[in-house]
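Below is one structure; the comments refer to it alone.
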Amino acid sequence: MTNQAFILLCIVVFGVVGTCHGGSLRKGYYKDTCPDAEEIIKKATGKHVANDPTLPARFLRMHFHDCFVRGCDGSVLLNSTTNNTAEKDAIPNLTLAGFDVIDDIKAEVEKKCPNVVSCADVLALAARDAVSFKFQTPLWEVLTGRRDGRISRISEALANIPSPLSNFTALVRIFTSKGLNVHDLVVLSGGHTIGVGHCNTFSNRLYNFTGRSDQDPSLNPTYASFLKTQCKNLSDNTTFVPMDPGSALTFDNNYYVTVKQNKGLFQSDAALLTNKGSRKIVDELLDSKKFFTEFARAMKRMGAIGVVTGNEGEIRKKCFVVS
């Protein structure tokens, strides 16, 4: 079978090349070339999370944004250059944070194993280890072997990262394009159980939902009144509020309780209740054990989107610049 035919088969059967690419991801990819890699990343991540409890949400979001643009290839970590504006500078990514910490974690790995472990794998592992820190056990398995992409374009970030303003149809379209399904959409939305949302990503729901200075009728009125005390107007782009009220630093399934109460912060959260199938999944994920099991499975699938493996791409020494 030719390479072109093989890739076509992967796209047809699996939806994304990364899950079927030659030299695919596997458990313990670095066991021979850098056996301590995952432990180094875990320890370095834990050190930072102990000092900054907001990092789990930041790393989880960064990993998500990386995977949805060109696959999980570390392209979100690249800086813009004179001739190119990178993903990092796209509007959806301007509120990402923790790039310096990823650089620090990568530097720790480089001390032990120079030019071996990719930035894409560092980010995937750090996201898992940060969220798992309080639990003292890994919440999902991370297969490794990703290589770093050399391309990072602002236009691709704008086109591929799901918007908090998205309706259900738009969300399904983007997830489907990544080889993910409605179940993955609802489960991965549960990542909103930690972290914050900036006012400008949802204030239209408070002040101008249909262009008539109105409020989104699907938003819990009491919660809307509270949000208005935090976000005073449509132009506020600096104030932020927890995405999961009262639980912004706790990774759990409370997000779905919030959504069921019509307190989902974004339109994309509320959208999960606008489809019969996704509503059923929301109800199922009110079971905590079910949520943790399904989140682990969905993260493993997301982590395989469009990965660069084998002899493609590169291993960056510094995550913010192409080698």
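Placement of Cβ uses the backbone N, Cα and C atoms for every residue, glycine included.
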With CYS231 as one half of a disulfide in TrEMBL, pick the other half from CYS199, CYS319.
CYS199
Which recorded positions (CYS34, CYS67, CYS119, CYS231, ASP252) fall within 10 Å of ASP73 (Ca(2+) 1 binding site) by Cα distance?
CYS67, CYS119
Rounded to the nearest Å, what's the C-alpha distance separating ASP66 (Ca(2+) 1 binding site) and CYS72 (disulfide bond)? Just drop the number here, would you?
5
Under 8 Å Cβ to Cβ from CYS113 (disulfide bond), same chain, six or more residues apart: give me those in sequence order, or none if nothing qualifies.
TYR30, THR33, CYS34, ASP36, ALA37
How many other Cβ atoms sit within 10 Å of the Cβ of CYS231 (disulfide bond)?
24
